[in-house]
Amino acid sequence: MAQIFNFSSGPAMLPAEVLKQAQQELRDWNGLGTSVMEVSHRGKEFIQVAEEAEKDFRDLLNVPSNYKVLFCHGGGRGQFAAVPLNILGDKTTADYVDAGYWAATAIKEAKKYCTPNVFDAKVTVDGLRAVKPMREWQLSDNAAYMHYCPNETIDGIAIDETPDFGKDVVVAADFSSTILSRPIDVSRYGVIYAGAQKNIGPAGLTIVIVREDLLGKANIACPSILDYSIFNDNGSMFNTPPTFAWYLSGLVFKWLKANGGVAEMDKINQQKAELLYGVIDNSDFYRNDVAKANRSRMNVPFQLADSALDKLFLEESFAAGLHALKGHRVVGGMRASIYNAMPLEGVKALTDFMVEFERRHG
């Protein structure tokens, strides 16, 4: 079978070694004669999977002991509601920084539960899209928390600064598309959440890291399935969890640890991004309209000089084993999502194709 590189923004490519192990264990897991999908989530075998996954995740991100790690449902969109429902307490407003599509979507959901103070951080610098630095973000005095999205998958915009707003500001962040791709100082945040389907594992699982002093404040109307305290008190097994996604994510964590951890991923991700952006920047045939300081290393949108060639580019790239390069419907063009599981070899194959395509059609 020819090598296929999947550049989908999510569900995204998984490490080949992880898929191979899952395939080998699919029908007979741990010698039980059954699949991990078929065992009880409350049985000792799966409890061990759950505990190891949490330990490995904590190790990878150096999660402090005063933070709880929850394995939840509902994806990022579920957390758009869960954050205000759990963290507002008796306050009625929260600060929301708008830097792109997903931040704006979180704001729309938050308006159901509070009156958000929205700060538009989007700017244009020399004709390129950018984000105002954190020192210019205007926060209110009475907000329960401040929410932002460090990586916008559709816009291809990243905010790599570490929050430093003082100990009284509870920072909540949507790390769905950048979790585990670079080191982060968890202690600077009150809540970090991430849908699994990009850098963690299969769709269906959502991981929440929450500082323990923020528990116990849920709105009385908060659905139990979104209540952080309930999930924490029940070991993330308030109801039947997505066990297969949890198991596979655990395999990904072990793969990450065996391959140098987050620090090594950070180096490789930088190499991949530099390679791809280098081809784009050194060409008049391709373009990216994000300022270099805010370019995403995970999601690289680009356009062809002649959009009439888009269809041919997608057809030929697919035939070459480079899949899922079509840009989001909101922005069009192309998009290469190059998460942890995408090897440098895959980005090299893409850039080689891009150079050759330009040679023939430029």
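We count from 1, first residue shown onward.
Glycine residues also receive a Cβ, built from the backbone N, Cα and C atoms like all the rest.
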The pyridoxal 5'-phosphate site in Swiss-Prot includes Gly76, Arg77, Trp102, Asp174, Gln197, Asn239, Thr240. Which of Thr115, Thr153, Thr162 is also listed there?
Thr153
Distance check, please: Cα of Asp174 (pyridoxal 5'-phosphate binding site) against Cα of Lys198 (N6-(pyridoxal phosphate)lysine), rounded to an integer number of angstrom.
13
When you measure from the Cβ of Lys198 (N6-(pyridoxal phosphate)lysine), which residues in the chain that are at least 6 apart have a Cβ under 8 Å away?
Ser9, Gly10, Ala12, Thr153, Ser176, Ser177, Ile179, Met298, Ser337, Tyr339
Span of the pyridoxal 5'-phosphate site, taken as the largest CA to CA distance across Gly76, Arg77, Trp102, Thr153, Asp174, Gln197, Asn239, Thr240 (Å, rounded to a whole number):
30
Including all protein chains displayed, how many Cβ atoms other than that of Gln197 (pyridoxal 5'-phosphate binding site) lie within 10 Å of its Cβ?
24
